[in-house]
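Visitor: So TrEMBL lists the following for this protein:
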- B:450-473: compositional bias 'Polar residues' (COMPBIAS)
- B:1-21: region 'Disordered' (REGION)
- B:443-530: region 'Disordered' (REGION)
- B:67-100: repeat 'TPR' (REPEAT)
- B:101-134: repeat 'TPR' (REPEAT)
- B:168-201: repeat 'TPR' (REPEAT)
- B:202-235: repeat 'TPR' (REPEAT)
- B:304-337: repeat 'TPR' (REPEAT)
- B:338-371: repeat 'TPR' (REPEAT)
Amino acid sequence: MANIHTFSACLALADLHGDGEYKLVVGDLGPNGRQPRLKVLKGPSVLTESPLPALPSAAAAFLMEPHEPRTPALALASGPCVYVYKNLRPYFKFSLPPLPPNPLEQDLWNQAKEDRIDPLTLKEMLEGIREKAEVPLSSQSLRFLHLELGEMEAFVAQHKTQPIRRQTVITTMTILKKNLADEDAVSCLVLGTENRELLVLDPEAFTVLTKMNLPSVPVFLEASGQFDVEFWLTAACRDGNIYILRRDCKRPKYCIELSAQPVGLVRIHKTLVVGSTQDMLHSFTHKGKKLWTVPMPAPILTMSLLEQRSRGLQAVMAGLANGEMRIYRDKALLNIIRTPDAVTSLCFGRYGREDNTLIMTTRGGGLVIKILKRTAVFGEGAGEAGPPPAQALRLNVPRKTRLYVDQTLREREAGTAMHRAFQMDLYLLRLRAARAYVQALESSLNPVSATLREPLKLHAVVQGLGPTFKLTLHLQNTSAVRPAMGLLVSCLYNESLYALPRAFFKVPMLVPGLSYPLETFVECLSDKGISDVIKVLVLREGQSAPLLSAHINMPVSEGLVAA
Amino acid sequence: MAEEKAPTTTQFPGTIEPQKPRLKKAPEFPILEKQNWLIHLHYIRKDYAACKALIKEQLQETQGLCEYAIYVQALMYRLEGNIQESLELFQSCAVLNPQNADNLKQVARSLFLLGKHKAAIEVYNEAAKLNQKDWEICHNLGVCYMYLKHFNKAKDQLHSALQLNRHDLTYIMLGKIHLLEGELEKAIDIYKKAVEFSPENTELLTTLGLLYLQLGIYQKAFEHLGNALTFDPTNYKAILAAGSMMQTHGDFDVALTKYRVMAYSVPESPPLWNNIGMCFFGKKKYVAAISCLKRANYLAPFDWKILYNLGLVHLTMQQYASAFHFLSAAINFQPKMGELYMLLAIALTNLDDSENASRAYAEAVALDQSNPLVNLNYAVLLYNQGEKKKALAQYQEMEKKVTLLKGSSSLDFDPEMVEMAQKMGAALQVGEALVWTKPVKDLKSRHRTTSANKSSNLQQPLGSNQALGQAMSSAAGFGKTTQLPAGAGGASQFSKPPSLPLEPEADPAEAISSEVQEQRETQKSSLAPE
């Protein structure tokens with residue numbers, strides 16, 4: 001394993017030493033994103049490696065000045081800074097200009113510095129600013145607002161002398177040609193920041209040439225054209241929209257709403273290809289008109305451009321979560337490359353001395369380098385065309401069986417008789433059911449009482465192995481409001497088999513809705529392994545007909561049988 | 001390199017220079033947003049484990065002040081179904097940054113998912129104050145109003161969402177509202193615009209196709225369904241609807257090939273097996289038809305359409321006792337359909353229970369509005385029982401319905417039914433029924449499936465064999481014992497295209513009056529999943 005954990009934005013190919021041998025620059029996040037390193041690879045091996053102060057968010061190689069030797073510089077965006085390397089040596093560090101603090105906030109802290117304001121008032125005032133102000137508070141004030149009362153004093157004492165600062169970070173970076181369209185022309189760096197701005201930097205002086213505002217935080221950035229002539233910047237943002245900006249406009253000119261998060265952005269000539277979290281590739285014109293949509297079989301992890309200059313081919317590569325890397329030209333699938341692990345970053349271009357090299361890193365930290373045959377031609381039709389394969393499968397219909405045929409024949413012959421017999425039996429069944437029901441109602445054999453005046457429910461549980469069992473009767477009054485009083489429980493049983501300490505007892509008042517467990521012990525007197533039924537009757541005082549009854553099938557006493 | 005780096009950085013002329021000396025006095029605060037980009041990248045790649053670990057770390061470092069980390073955590077909770085937790089987190093985001101409309105939108109979204117539509121509307125209105133021109137707010141407000149049944153407000157909001165930015169989803173919702181209000185034409189207009197806007201959305205194409213189907217505009221329906229299938233050859237709804245249209249036209253083999261695709265991907269769909277069963281029925285493979293229908297019935301035991309078809313196939317197979325069971329089950333689920341009672345009556349007639357048969361016919365006649373077949377069959381039964389007067393009444397009733405139908409549409413009647421009616425007219429000595437003359441000419445020799453079997457159905461009550469019945473039927477003037485091969489009743493196909501459009505959505509009202517029509521049913525079932 002090459003142990004490289006990175007994103008497509010942090011991969012760059014460049015002829016760093018000007019010897020015609022292209023190297024791969026990797027801004028490596030390290031395992032779990034803990035050891036950020038800058039790695040330069042030659043072939044499959046690491047040439048140099050150096051630790052970085054913070055996680056890199058993007059890497060790019062660009063030409064700083066038009067003079068010879070034309071060796072490109074390397075820019076690495078990390079936190080609020082861009083580190084620029086020349087000949088693989090640190091050359092310059094550009095930091096984003098700090099954001100202007102909120103003047104009111106500044107004023108408050110100045111007062112605190114001179115001890116003209118107590119911490120509580122400070123807190124209230126800051127809260128007020130947070131609610132309304134356009135300019136957000138600095139992290140110092142935000143931290144202060146979250147403090148407990150006791151800690152405030154110390155915090156103010158410690159921090160009041162410090163000027164309040166607001167710093168932002170770089171989220172994405174790309175390069176834009178300065179004034180020539182040539183392959184090796186001087187390029188500007190374009191930075192996207194967390195405070196929703198795009199900055200274009202001068203390649204030599206590293207001053208901010210222009211600043212543009214976005215409605216949301218940029219995630220992916222694409223640039224085309226030349227800075228001094230006319231250019232387009234395309235930014236895929238965290239609100240799921242893609243904004244297209246042009247020279248001389250501070251605000252986005254077009255907006256594409258995806259209604260999902262973009263996971264990759266590739267520009268081919270004047271069309272944009274965007275991968276979304278809905279497992280789709282969408283294509284739009286540079287004016288935001290929708291062109292086509294292709295569904296993907298798995299979530300897209302990363303996307304990049306494949307450009308084969310010798311044949312004038314430009315295609316989109318998409319690394320999917322199922323370990324496939326798909327190549328599309330417009331809607332047509334050109335090829336699928338299967339990798340042992342899901343591809344997390346992609347890069348295509350000149351590597352070493354080979355013009356068309358594909359570099360992929362996988363989720364587990366692997367590095368895959370593939371070289372395109374010089375004679376290779378991408379043909380369409382590698383994808384699924386024509387009817388889906390399932391169309392050729394036979395339907396799963398069960399075969400005709402002998403039995404089925406016999407039964408059908410019998411029904412044809414004797415249909416009427418069958419029908420009559422069935423109807424007759426059905427009537428008999430209904431009659432019997434009705435009779436049994438009436439009988440049960442009449443003799444109160446059912447565990448739910450039938451009288452409207454005393455709606456009761458009884459359910460019995462027998463516990464134990466024997467010879468002593470515990471019999472629990474759950475008695476519930478199901479009426480809505482009326483409590484039941486004056487009820488008795490009587491147990492009928494074979495006295496030669498069982499002995500009950502209490503065969504007849506009173507039931508307490510039953511509050512509606514509650515289930516009352518009434519417990520009694522049953523002793524089995526027989527050692528012959530036989531069991532019998534115990535009948536439990538619930539009666540009303542002064543009435544001989546039971547309200548309801550339950551027949552409890554007692555289990556065999558295992559305790560005695562075992563003995 | 002590492003060693004080199006440290007010294008060089010300090011030499012960089014830059015903005016951080018002046019802060020350096022202060023670093024010693026007080027600990028510097030980390031930039032709250034410093035890892036946001038990484039959190040976001042993990043989130044969009046659906047690498048939730050890495051994302052959560054990072055968020056935890058980030059929140060520890062910033063003591064819970066990192067708004068975006070909380071925001072993404074809440075999004076992930078919502079994906080996992082912990083909507084209440086996500087709502088609480090979004091609310092704390094809104095406290096950290098009350099100016100951000102996004103936080104409010106997400107609070108509202110969580111409320112919406114919890115079914116608290118009114119609360120969601122309030123929060124969306126709050127968010128709308130912060131961000132006037134957001135289609136998402138308008139769209140979601142529209143959806144909330146839709147669930148609260150304030151259709152007019154919902155439509156207003158959705159239209160304004162469309163003005164801000166066009167999205168397929170908004171079109172779909174707007175179309176749904178029109179359907180809920182029963183305005184089929186308006187819904188079609190909306191979907192047409194939607195298809196214009198995004199011509200490759202199979203869901204839109206399929207829905208539009210189904211709507212045309214309901215209106216009986218088969219050409220356009222088929223066009224749109226076909227388009228949907230071009231873009232997605234495995235689209236469930238489109239296959240079912242297109243297949244049922246093919247069945248109506250008798251292309252059973254083509255329909256079956258299409259169904260095979262579905263049988264592979266959605267093997268447990270009751271309407272699919274119902275349609276496959278009726279395809280086999282159309283191809284006269286009755287045993288296969290029965291096994292497919294029985295599978296459909298097993299998958300959806302309470303679907304009366306499947307039971308209806310099963311009853312019909314069993315009638316065709318002369319398994320009257322089984323047919324009786326399926327039909328009576330169907331009637332239990334759908335007690336308002338005349339044709340079902342009629343079929344039940346046919347089964348009963350064949351089971352020698354003419355008493356119940358006439359009761360079933362009476363019910364059928366009472367319920368049915370437009371199908372002359374019901375009256376004709378009843379007339380035949382009455383005639384066979386010798387009740388000439390009542391038979392005559394039914395016959396006249398049938399003539400009325402036929403005249404009505406001819407006026408409203410140019411259908412051709414099933415030749416067998418026409419023949420039967422003519423015989424009946426002769427037997428009843430009604431003047432040669434003029435009603436029929438025209439249709440008879442128009443008759444195409446449509447393939448009739450099993451009607452032959454059926455025609456024998458009704459003969460049996462008369463106790464004569466089929467051959468005799470047919471032979472005698474030509475001599476129309478015979479007495480009661482003459483068999484009017486009443487079979488016509490059971491079997492004749494009578495197409496009633498208008499029946500389909502009547503039901504806008506799931507409710508497939510009409511069972512098919514006869515076997516050929518079964519395919520129609522299938523369509524209905526296909527509409528049902530909506």
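Just so you know, glycine gets a Cβ as well, placed from its N, Cα and C.
TrEMBL annotations: computationally assigned, not manually curated.
Model, not experiment: these values are computed from the prediction.
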Visitor: Checking distant contacts: for the repeat 'TPR' (B:168-201), what same-chain residues at least six beyond its ends satisfy Cβ-Cβ under 8 A?
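Guide: Result: 135, 139, 142-143, 146, 151, 154-155, 158-159, 161-162, 207-208, 211-212, 214-215, 224, 227, 231, 504-505.
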Visitor: Summarise the model's confidence over the repeat 'TPR' (B:304-337) as a mean pLDDT value.
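Guide: The predicted confidence over the repeat 'TPR' (B:304-337), as a mean pLDDT, is 90.
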Visitor: Write out how many residues of the repeat 'TPR' (B:304-337) are helix, how many strand and how many coil, based on DSSP.
Guide: 27 helix, 0 strand, 7 coil
Visitor: Tally the residues of the repeat 'TPR' (B:67-100) by DSSP class, grouping H, G and I as helix, E and B as strand, and everything else as coil.
Guide: 27 helix, 0 strand, 7 coil
Visitor: Take the repeat 'TPR' (B:202-235) and count its residues per DSSP category (helix H/G/I, strand E/B, coil), listing them in that order.
Guide: 28 helix, 0 strand, 6 coil
